[in-house]
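Just passing along the structure, written as structure tokens.
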Amino acid sequence: MALSVEKSASGREFKVKDLSQADFGRLEIELAEVEMPGLMACRAEFGPSQPFKGAKITGSLHMTIQTAVLIETLTALGAEVRWCSCNIFSTQDHAAAAIARDSASVFAWKGETLQEYWWCTEKALDWGPGGGPDLIVDDGGDATLLIHEGVKAEEIYEKTGKLPDPASTDNAEFQIVLTIIRDGLKADPKKYHKMKERLVGVSEETTTGVKRLYQMQENGTLLFPAINVNDSVTKSKFDNLYGCRHSLPDGLMRATDVMIALMEGLQVLTLEDVLSDADIFVTTTGNKDIIMVDHMKKMKNNAIVCNIGHFDNEIDMLGLETYPGVKRITIKPQTDRWVFPETNSGIIVLAEGRLMNLGCATGHPSFVMSCSFTNQVIAQLELWKEKSTGKYEKKVYVLPKHLDEKVAALHLGKLGAKLTRLTKEQADYISVSADGPYKPLHYRY
């Protein structure tokens, strides 16, 4: 794979599909800014003091128009930024072009191969000999994973001289990760240790990445503090209200969820109950092995199969791709019909089992992403502000309640809301501060 970094007129590194799309991207970014009041309020409130001056931030998050507004909010607050996408299909190329030309280093394009994807991730983390980023904005945990696996491999190499062996795993994607780390060890055996030492922390966007972080915390391998942005009320509530589903964490549906669904007149059935009848199957769990190739064989002709969970392992794409005699017909990019030899009928799979809302469409509306990304900015500010105080250990934290409420407050003006401020007597009467937070720590929705 021969990929080379390009440089913008101002000297920033980048790799995008087509820099000539930058003007188109800029027009869409300006439209999105109007619908992202939280981020624009962050610029107005924090921009003059430049709180991120001197901070190097790496982002691994879908490179969309809305993400462009997030990136330029971070740079407006003083940060230097390097960015890659967290999905091979989710980049909007005109957004990547505008950012690469105007404000930050970007390594992303729609339709990356897995090798290209991990090359982009490595480049986003590469800040030169100084050691890497100070902060990471992550979505799914791939940037965090690369650093942790790199540190682990460097420790083994230092003790035993043994290099990572890509053949030690059957997972094709992890083979690529080990290859990148192995090749990097030869050039700099302390590359990822230098990143670890410099890193102040990570703010994580989504369920899958959060699960990874909690697992590392539990087994004592988490290398730096992490803020779980996914479970902020101002993110999770809006994602669920405006997304295409209500989240079912870990693939489980609570008895209360079942009761509510039944009371609303909905059927609650197992996958096996509906295989031969349903027209559209959407996985939403954030778990693995939900729809397997044996399920797909039993579906009606031209049933649509797609995923709105985070990763690509909810749908058994490997089983489908390696099924003897199966035929793949590409109808258009990210839309494939798979025909089974026994029946000469097939199913239609969207975005190769990856996030179809970003692979085949443009994701959430700008206002929804404003809520999510304002959480990211506030979390990054919190980590950077507290970097020398010891407030955040090598653990996973949710955004403090007063900051969660701050995110909501930053959106109220755009929505036309006006709030009466509590008097001291009123605040004392209900045992809260007049400045908030106004709900107890255990309150979620």
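Yeah, the Cβs are placed from backbone N, Cα and C, and that goes for glycine too.
These came from TrEMBL, pasted as-is:
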- Thr64, Asp139, Glu205, Lys235, Asp239: substrate binding site (BINDING)
- Thr206, Thr207, Thr208, Ile308, Gly309, His310, Asn357, His364: NAD(+) binding site (BINDING)
- 240-363: domain 'S-adenosyl-L-homocysteine hydrolase NAD binding' (DOMAIN)
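Mind running through what each feature is packed against?
Using a 10 Å Cβ-Cβ cutoff, Glu205 (substrate binding site) registers 29 neighbours.
Counting every protein chain shown, 21 other Cβ atoms lie within 10 Å of the Cβ of Thr208 (NAD(+) binding site).
Sorting the domain 'S-adenosyl-L-homocysteine hydrolase NAD binding' (240-363) by DSSP state (H, G, I as helix; E, B as strand; all else coil) yields 36 helix, 28 strand, 60 coil.
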His310 (NAD(+) binding site): which of the binding-site residues Thr64, Asp139, Lys235 is the nearest Cα neighbour?
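Sorting the binding-site residues by distance from His310 (NAD(+) binding site), the top entry is Asp139.
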So which binding-site residues are near Thr207 (NAD(+) binding site), with CA atoms within 10 Å, out of Thr64, Asp139, Lys235?
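Of Thr64, Asp139, Lys235, within range: Asp139.
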Which of the binding-site residues Thr206, Ile308, Gly309, Asn357 has its Cα nearest to the Cα of Asp139 (substrate binding site)?
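Answer for the nearest of the binding-site residues: Thr206.
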So among Thr64, Glu205, Lys235, all listed as binding-site residues, which is physically nearest to Asn357 (NAD(+) binding site)? Use the C-alpha atoms.
Thr64
Please tell me which one of the binding-site residues listed here (Thr208, Ile308, Gly309, His364) sits closest to Lys235 (substrate binding site), measuring Cα to Cα?
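Minimum Cα distance from Lys235 (substrate binding site) across Thr208, Ile308, Gly309, His364 lands on His364.
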